[in-house]
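Here's what TrEMBL has on this protein:
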type	residues	note
COMPBIAS	1-14	compositional bias 'Basic and acidic residues'
DOMAIN	71-126	domain 'SIAH-type'
DOMAIN	152-208	domain 'SIAH-type'
REGION	1-23	region 'Disordered'
Amino acid sequence: MDDNTRKSTADGKRPSSSAEEEAVKRCDVCHGPLKASSPPFTSQRRVACSDCGDADVAKAAINIVSLNLGYFKVPCPNEMYGCGGFAFRDAATHPAVCAHAPLTCPKCAFVGSPAQFARHLADPDGPHVWADWSFGALAEAAIDVVSKHLGYFKVPCPNEEYGCASSFASRDAATHAAVCAHAPCACPGCAYLGSPAQLVRHLTDTAGPHAWPVHDFEYGSDLMLDVRMPQEPQQDKHLLVAEGDGGVFLLAVGGGHATVVCVRSNAGAGPVYSSMLPIPNMAGGFWRCRVPSCSTPSEFEVHGGASSVSVHPGSELHLPIRVCIDRKN
């Protein structure tokens, strides 16, 4: 009785068929003979000799191919300016640091790498030589060179102190600033500055000087509130915080009118919101309007504007009001 048969009998298992015995004799990777210590063959799992390892064959093959692909050389977009290319694994980082990134001559239409640019300027038979350049033209050329490279340096967001953890290339600073959700908003009652989320915590702190009421809501769902109806110029203010994206809104009621505004600094870059408020004396009637934005939730103009609706509590000092806010990307 051979070793495989003896082992199967000792384990209480039936001996393998002749086809299985023949299959288990060879490694699925190198096709060499298997040693006695190799794992048994099954139809769900390939086997390998000790030299090839006990890893999944397909996974091992993919890893090998992936590692080799990363070293394949690919051409650089700046090949025409002298760059000899880079390893495929560096495709995401190379363009930002390529020493052959082109520069433009401020006196003519020449475009070339920094080395080509220097030779172009210093060529005595060329259209201009260094001696012909004014100090201002030289300074302009130097600034152009420096700016090209400085633009790739990574910088933190100016709103880092307000909670933004983003960092980006300095050339993208203006783009990020226009959409940063942490751009600060001002407190209407003191000198506090903070992101919309920080401002909510500041204004609603029951131990603080403001203690505004705050309510969570879901986009597209009705929110029922009991609001006061103060006389002008006072307003009853309620902060509304959206579940999910944390959008901050203010419901302001005063002078017989109510309005909803979004508290944020970058109104032009963010989502567009709409709100629905009930229309008095009309069964099931609602006034839908686009939600304006502001960076300081202070005393808003809520007197019959396009974004406000008239509310009349009658003889009561409190009014139940239903608000629904929708988000449109």
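Just so it is clear, glycine is given a Cβ too, placed from its N, Cα and C backbone atoms.
Note that the coordinates shown come from a computational prediction; the quantities given were computed from them, not determined experimentally.
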For the domain 'SIAH-type' (152-208), the number of residues DSSP places in helix, strand and coil: 22 helix, 10 strand, 25 coil
Mean of pLDDT values spanning the domain 'SIAH-type' (71-126): 80
Three-state composition of the domain 'SIAH-type' (71-126), taking helix and strand from DSSP: 19 helix, 8 strand, 29 coil
